[in-house]
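Per Swiss-Prot, the features are:
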type     : residues                     : note
COMPBIAS : 10-44                        : compositional bias 'Low complexity'
BINDING  : CYS85, CYS87, CYS111, CYS114 : Zn(2+) 2 binding site
TRANSMEM : 197-217                      : transmembrane segment
COMPBIAS : 237-246                      : compositional bias 'Basic and acidic residues'
COILED   : 286-308                      : coiled coil
TRANSMEM : 339-359                      : transmembrane segment
TRANSMEM : 462-482                      : transmembrane segment
TRANSMEM : 489-509                      : transmembrane segment
TRANSMEM : 572-592                      : transmembrane segment
TRANSMEM : 630-650                      : transmembrane segment
TRANSMEM : 669-689                      : transmembrane segment
TRANSMEM : 796-816                      : transmembrane segment
TRANSMEM : 844-864                      : transmembrane segment
TRANSMEM : 923-943                      : transmembrane segment
TRANSMEM : 982-1002                     : transmembrane segment
TRANSMEM : 1017-1036                    : transmembrane segment
Amino acid sequence: MEISPADSLSISGAAASEVVSEPSVSSSSSSSSPNQASPNPFSNMDPAVSTATGSRYVDDDEDEEDVCRICRNPGDADNPLRYPCACSGSIKFVHQDCLLQWLNHSNARQCEVCKHPFSFSPVYADNAPSRLPFQEFVVGIAMKACHVLQFFLRLSFVLSVWLLTIPFITFWIWRLAFVRTFGEAQRLFLSHISTTVILTDCLHGFLLSASIVFIFLGATSLRDYFRHLRELGGQEERDDDVDRNGARAARRPAGQANRNLAGEGNGEDAGDQGAAVGQIARRNPENVLARLDIQAARLEAQVEQMFDGLDDADGAEDVPFDELVGMQGPVFHLVENAFTVLASNMIFLGVVIFVPFTLGRIILYHVSWLFAAARGPAVAASLHLTDTGLSLENITLKSALTAVSNLTSEGQGNGLLGQLTEMMKVNGSELNGANNTLSVATDLLKGSTVGASKLSDITTLAVGYMFIVFLVFLYLGIIALIRYAKGEPLTVGRFYGIASIVEAVPSLLRQFLAAMRHLMTMIKVAFLLVIELGVFPLMCGWWLDVCTVRMFGKTMSHRVQFLSISPLASSLVHWVVGIMYMLQISIFVSLLRGVLRPGVLYFLRDPADPNYNPFRDLIDDPVHKHARRVLLSVAVYGSLIVMLVFLPVKLAIRMAPSIFPLDISVSDPFTEIPADMLLFQICIPFIIEHFRLRTTIKSLLRCWFTGVGWALGLTDFLLPRPEDNIGQDNGNGEPGRQNRAQVLQVGGPDRAMAALPVADDPNRSRLRAGNVNTGEEYEDDDEQSDSDRYNFVVRIILLLLVAWVTLLLFNSALIVVPVSLGRALFSAIPILPITHGIKCNDLYAFVIGTYAFWTTISGARYAIEHVKSKRTSVLLNQIWKWCGIVFKSSVLLAIWVFIIPVLIGLLFELLVIVPMRVPVDESPVFLLYQDWALGLIFLKIWTRLVMLDHMLPIVDDSWRAKFERVREDGFSRLQGLWVLREIVFPIVMKLLTALCVPYVLARGVFPMLGYPLVVNSAVYRFAWIGCLSVSLFCFCAKRCHVWFRNLHNSIRDDRYLIGRRLHNFGEAALANQNQNQSSEDAGDGVLIGREGDVDNGLRLRRAIQQEA
């Protein structure tokens, strides 16, 4: 028998362990018998034999056989090893069966190490045809149709069970639980036989079933929570017992400890003493309580183990969701699960609703019967006497009233008798009312049992629950009395359930209070969010509308009328305007923080502060603090709107009254659709991307603060200094420059007053640091500090005043200048032939004016910088270069923005709008600007769909690669010829083909057939729809051909496929695998290849640019 190296190592290790375990024996035996076998099996061999044997083992180790990376077994003829990926070493080879099992388990299709996809090819039977016979194909289609039909029938059955049957029965169980008689149930059922009511009952039943499920989940969670509390409590008690026992043992005298040891040494005495102690322990009430607690704990542990065992069994079974709902597996399982759910719902509703309601009905019935039986005779007698007295009084009053009426009929109605008549009439009416009331009360008392049965369902249910609670306490009291009669003491802790309840009451109270606190916190946070994000922006929007209403030529009556007609739209518009203004203020404050010295705006909250958490402030701060903050925000924002919006608008109206009121209406067809899209999708993103507004505004703010701060002597206070930062970092800054603008870091409102510049006076610092002898120097110092503080406040006020005047002029100019310039440029657009004299819109005028003004300023600044640096030749080269870029980009942009959208809009109008709206005997009128607007929308949607990562049937991946290349090139490196050849020209040709081919067929070919003019007009009208139908038919035929071929391959695989063959790394796949691929897959491969070529071109171009 050969011994492998591992076996030899194990043997030698075992022998070594034996030697170590018995050192004396092994040493003696080795010394006495030297010829005894040593642990090494080669130790007693001849050296030559030993050398040969060792070399043979080394050769076997080197020529180790290849094994599978999964099962670690070698390959054989039936199951050879393969190397399907680029891995090497011990994980190179694998069995095909092992790999298939692992792939089915991990749902992977590639190697986890080298990420190489595994390649398989189908293996068919020997008699498998390349094309199925017609009969087999029809049989396969019939089997596939049967499977699909079976799936849909199973799906409809499952949905009807879980969404219709179970909810309907559950809801009717709920209804029948409140029914008092069989007749009432019959009337209730007959009144709910309609489709609408049945569907409504199904919906209510579904909600009820979901509520029951959530209640079960909540009960389970509470059970686990209380179990966890008991475990923690038991652990704490055990720790306390251990601590007490340790302390008692530490305090125990040494003699008692010795006696205990002696008692342990004497077995008989210890046994007698243990018996006596056991009798005493059994008589101790605390030990009896502990024994009952142990028994209760054992019982609860058994119950919990039973439920946990069921949970473990459920977890071990791991039933899939499809099988659980009944989509897979036998139908009997679906019926069983449905009946289980129905039974659980029925039991829950029976225990929670039916039993308490029935008990409440029984109790109320007997209580009303006892009440009627006890008070019936007395009440009847009193009612009889009262009825008799009222009848006599009524007769008397009627007689007196008749007599008085006869007396007053002779013309004395205005005297005393007339007044007496009126009084008697009133008394008679009151008497009749009292008689009626008494009769009603009599009827109620007589039918008290019926009235008791007509109480509300909630009252009856509450009475039933109170009776159940009474029965529970009565049972516990009887059990306590019985045990007390047997001589057991009455302790609350005797009953494990009561002990648990008593122990859990403080915890439940704390949890309830915590839940209520969390609930109130949530209500407070929700209320504050509604105020700060809903009401406050709405108020800002309305205040902005009030301050700018004259700019648009409107009055507040128009706004109120719009609010009354459409309150939701009006509120939404004003809220959006208010929230945009608040965002603008926040952005401006963030720009100020980036320019000013840190600490200047300490009184404003910084959203970028890592320690600032607005939600934490909402939770922690009290309500009165939030109310004060909201009122302060209202005052601040209201004042800012007046100073920065209302006054600039009034100044702009005074400066240029001819341009007001502004017209931003969207009723014009030109601006009805594309206005918001051009403004928010094209213009504003282009401005943000290319004009760098944030950098420009920060530079302007820095220049303004530098100039105004120098004029007011506040430069060191307002702006940060780089040398101060460097000095602080290095620790060796100039002390004079550091002390020149010291800012005392104090908190609260005093920080602004304390941030005063300190003069370069070393004596002042010595006076503050040292001990002074006279009080006059203190007074001079205080007077100087007061003077500096006063001057600082005055300069800050002047700074704010100058800032407000600057913003006032800037906002007025921002309204007047772009609108005037934009109107002048926009007036040239109606001259174009496609516009048909559209009127000017001030939204477009403002955007065009802003573009023109910004372009002029940027070009002038760029030219001035090059002229100052004496680089006129470079400037001319840049001008020439940018003129070429602008011309090239303008041509491409004009084709993309104007020509292509017009073609798309015309095609859409000829396909959809003209056949639907224009009669056959009329000629359509095309509005090109409307077609351009529609085409621009469709072009935008198509480009967004192309740039999405998801695969769509109407989107080609090659277009995504082309658009990404254009995005990578940018505006300055755009390759015009490539864009024209690869993007613009294919789109234009396809659109022209779609427009011209139907026109040629309808106007040139079809009239040659000799049909009447009406028929030719109808053909022309529906020519584009007909061509579209033919194109869709061809596309559907191609897709159906691919689908039938895939269906044929699937049927052939089901019938003749016997397995799959795993290919080795680098081995070519079988030819029939490529033949079985669909044309769509081939097209996808071509597209992927093109995209890869484009990506390679992008990488090569970037590398060349980096080298250059």
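Cβ atoms here come from the backbone N, Cα and C positions, even for glycine.
Long-range Cβ contacts of CYS85 (Zn(2+) 2 binding site) within its own chain (separation 6+, distance under 8 Å): GLN110, CYS111, VAL113, CYS114, HIS116, PHE118, PHE1065. Within 10 Å of the C-beta of CYS87 (Zn(2+) 2 binding site) we count 18 further C-beta atoms, all protein chains included. Proximity of the transmembrane segment (796-816) to the transmembrane segment (630-650) is established through 3 or more Cβ-Cβ distances under 8 Å for residue pairs spaced 6 or more apart. When each of the listed stretches 339-359, 572-592, 844-864, 982-1002, 1017-1036 is scored by C-beta pairs under 8 angstroms to the transmembrane segment (462-482), 339-359 comes out highest. Just so you know, of the binding-site residues CYS111, CYS114, the Cβ with the fewest other Cβ atoms around it within 10 Å is the one at CYS114. Listed as Cβ neighbours of the transmembrane segment (982-1002) (distance under 8 Å, sequence separation of 6 or more from its ends, same chain) are residues 892, 895-896, 899-900, 903-904, 906-907, 910, 959, 962-963, 966, 1016, 1019-1020, 1023-1024, 1026-1027. Cβ atoms under 8 Å from those of the transmembrane segment (1017-1036) belong to residues 907, 910-911, 914-915, 918, 920-921, 994, 997-999, 1001-1003, 1006, 1011 of the same chain, restricted to positions at least 6 beyond its ends.
Confidence over the coiled coil (286-308), given as mean pLDDT on the 0 to 100 scale, stands at 47.
Surrounding the centroid of the Cβ atoms of CYS85, CYS87, CYS111, CYS114, where the record places Zn(2+) 2, the chain contributes additional residues within 8 Å, namely PRO84, ALA86, ILE91, GLN110, GLU112, VAL113, LYS115, HIS116, PHE1065. In this structure, CYS87 (Zn(2+) 2 binding site) belongs to neither helix nor strand by DSSP; it is coil.
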